[in-house]
Structures are given as structure tokens and as C-alpha cells.
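Engineer: This is the structure I have questions about; it appears just below.
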Amino acid sequence: MCLPSLICTDVKTKQGHSSLSSVSGSAEASSISTSSRLKYASLGVLVFQTTSLVLTMRYSRTLHTEEPLYLASSAVVCAELLKIVACILLVFRDHSFSVRSLNLVLKEEIINRPLLTLKLAIPSGIYTLQNNLLYVALSNLDAATYQVTYQLKILTTALFSVSMLGKRLGIYQWLSLVILMFGIALVQWPTEVSSSTGEKDLTASSQLIGLLAVLVACFSSGFAGVYFEKILKESKQSVWVRNIQLGLFGLVFGFGGVFTYDRERVLENGLFQGYNNVTWSVVALQALGGLVIAAVIKYADNILKGFATSISIILSTLISYFLLDDFDPTSVFFLGAMLVIAATFLYGCERTPAICTSKV
């Protein structure tokens with residue numbers, strides 16, 4: 001009489017374990033699904049933000065008005081300040097809108113941990129240097145050459161990811177990086193355009209200066225991005241707190257750039273000379289970019305961020321053609337676009353040749 005009871009109890013126990021296993025598996029699948037959605041969402045917003053920023057910034061820098069052109073260095077400072085305010089509000093929300101909790105978090109993470117805070121001075125300073133180098137590059141190179149060369153930051157990011165984060169890239173990943181570089185080069189391949197504006201030819205020396213500026217910017221971008229990614233993934237603190245720390249140093253370095261390059265113009269016409277609605281849109285998009293990139297680094301990685309940026313270049317070119325009517329696409333452009341899309345999917349393939357499913 002005891003045997004059926006024991007069997008029944010054993011069956012119930014197994015059913016209970018099976019039920020618990022099912023619940024655990026369901027929770028794990030839900031977590032993976034949420035993470036995947038966050039990854040796709042962050043990458044999608046980054047593509048939108050980068051595309052909008054490129055088009056808006058191009059329009060703002062070519063807009064002819066009677067007012068003086070706004071200072072790029074001051075726009076960088078304003079974007080950093082706006083990003084800090086946005087991050088403080090996000091931390092405030094995460095702590096149930098408690099002023100006391102907000103003060104405790106900022107004091108504990110920024111003031112009471114000076115060594116950790118100082119670590120973020122490194123990527124912040126490099127980002128400031130990078131922005132200055134890009135202005136030097138654009139002053140000495142045409143836009144097509146600059147954009148093609150600057151895509152080397154994707155390769156440098158991959159190399160720093162392998163050396164600093166210990167990431168292992170499979171053959172598909174390395175092949176996708178090579179294909180991506182060819183695709184971007186074709187997309188941004190300069191075309192022959194007849195111009196009656198009498199633009200001044202760039203000298204060999206200025207082209208060399210521009211090329212060196214882009215190359216240094218590519219290496220600094222790759223190192224700073226991976227360094228920041230490493231800090232974020234080793235830290236248990238909110239990514240928004242880390243961005244506040246990064247932004248504070250960015251303000252210091254940014255004002256240093258204003259003082260170094262535009263001091264006389266600021267003293268003459270003020271810090272906000274030439275600002276209008278378009279300028280503030282550029283500033284807002286720059287601040288949004290810092291937040292979105294932080295989310296991409298948290299939920300994806302720097303190489304995927306590079307792919308999203310590359311796709312945004314294609315979208316920017318298409319919008320320039322259909323809406324701004326200042327670009328004439330060629331067969332070379334479409335070939336490059338297909339290579340970039342193929343490389344994007346190839347990067348997410350499994351290492352096993354027989355199975356190629358997207359992991360992005």
C-alpha cells in the first residue's frame with residue numbers, strides 16, 4: 001500500500017521540479033527577449049540620431065545669415081551641459097524622484113570615489129581632443145575624403161576591443177569588418193562634380209595635416225570608446241551616473257577648448273553668437289547622441305555602434321539626394337550600400353559555417 005503513495009509523491013516532486021524549471025526557463029527567455037529588444041531599440045535610435053545630426057549640422061553650418069556663424073566649441077560645451085542635466089533627471093527618476101536619494105547617489109559615486117571618477121577623465125579628455133582633431137581634418141580635407149578615412153575608427157575599435165576587453169572575433173566578424181571598409185569606401189567614393197565657385201585647391205601639406213588628424217582621431221575614438229565600455233561593464237552603478245562624471249570632465253575640457261581657440265571671438269560677440277533654433281537642434285541632438293551611445297555600449301558593444309553609424313551615413317546620403325537634391329548616386333554607391341548591409345548581417349553570424357543566425 002505504501003508503494004503507490006511513494007510513486008505518487010515522486011511523480012508530484014518531479015512535476016514540481018519540471019514546473020519550476022519551466023518557470024525559470026520562461027523567465028530567462030523573457031530576459032533575453034527584453035535584452036534583445038533594448039539592443040535593437042538603442043541601435044535604431046542611434047541610427048536616427050546620427051542621421052538627423054549629420055543633416056541638421058550640415059544645414060546649420062551652411063545656412064547664410066547676417067549673424068556670425070555659431071562657435072562649434074561652444075556648441076560642444078552646451079551639449080555636454082544638456083547631457084549632464086538629462087542624466088541627473090534620469091537618476092532622479094530611478095530613485096523615485098527623491099532629492100535626498102539623488103544627493104546621496106551623486107555624493108557617494110562622484111565625491112566619495114575620486115579615483116573611479118578620475119578614470120573617466122581619460123576618455124573625456126580624448127573625446128575633446130578627438131572633436132578638435134575632426135575640425136582640423138575638415139579644415140584641410142574635402143568631406144568625401146574625410147568621411148571615408150574616418151571610418152577607420154570601426155577597425156580601431158575592433159582592435160582595441162580584442163586587446164583591452166579580451167573579445168574573440170570569429171572569421172565572420174573579421175571578414176565583415178573588411179567588407180564594411182570596402183563598402184563605406186565605395187559609398188563615399190568622390191565623384192566628378194563640375195564647380196563654378198572657384199574653390200581653392202588643397203595643398204599637399206594641408207592634405208597631409210588633415211589625414212594625420214583623421215588617423216589620430218580614429219585611434220583616439222576607438223581607444224576612448226572601448227575604455228568607457230570597459231568601465232561601464234565593470235561597474236554596477238547606473239550608466240547615467242557614469243555619464244554625469246564623463247560630462248563634468250567634458251565641460252572642463254570643453255571650456256578649455258573655447259578659451260584656447262575662440263577666446264577673442266567670445267570676448268567680442270559672446271559665447272552664444274550666431275545661435276538660432278537650428279543651432280539648438282544640433283546641440284540637443286549631440287546631447288541625445290551621448291545618451292544613446294551609452295545605452296548602445298551597455299546593451300550591445302562599440303563595434304555594433306560603428307555599424308549603426310555606418311548605416312546612418314547611407315541614410316544621410318539618400319536623404320540628401322531625395323530631399324536636399326545635392327547628391328547624385330551612382331552604381332558605385334549602390335554597390336557600397338549592399339556591401340555595408342551584407343557586412344552588418346555577417347557580423348552577427350555564428351562561427352559555425354553550417355549555422356548562420358543573427359545574434360545582433
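Sequential numbering from 1, following the chain as shown.
Placement of Cβ uses the backbone N, Cα and C atoms for every residue, glycine included.
Pasting the relevant annotations from TrEMBL:
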- 40-57: transmembrane segment (TRANSMEM)
- 69-92: transmembrane segment (TRANSMEM)
- 169-189: transmembrane segment (TRANSMEM)
- 209-228: transmembrane segment (TRANSMEM)
- 240-258: transmembrane segment (TRANSMEM)
- 278-297: transmembrane segment (TRANSMEM)
- 304-324: transmembrane segment (TRANSMEM)
- 330-349: transmembrane segment (TRANSMEM)
Engineer: Within the same chain, where does the transmembrane segment (69-92) have neighbours whose Cβ lies under 8 angstroms from its own Cβ atoms, ignoring anything closer than 6 residues to its ends? I mean 6 or more beyond.
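Structural biologist: Distal contacts: 60-61, 98-99, 102, 105-106, 128, 131, 135, 238, 240-241, 243-244, 247-248, 250-251, 254-255, 257-258, 261-262, 265-266, 271-276, 279, 282-284, 286-287, 290-291.
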Engineer: Count, for each of 209-228, 240-258, 278-297, 330-349, the Cβ pairs lying under 8 Å from the transmembrane segment (40-57), and report the range with the highest count.
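Structural biologist: Going through each listed stretch, the top one turns out to be 278-297.
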Engineer: Would the transmembrane segment (330-349) count as touching the transmembrane segment (169-189), i.e. at least 3 C-beta pairs under 8 angstroms with sequence separation of 6+?
Structural biologist: yes
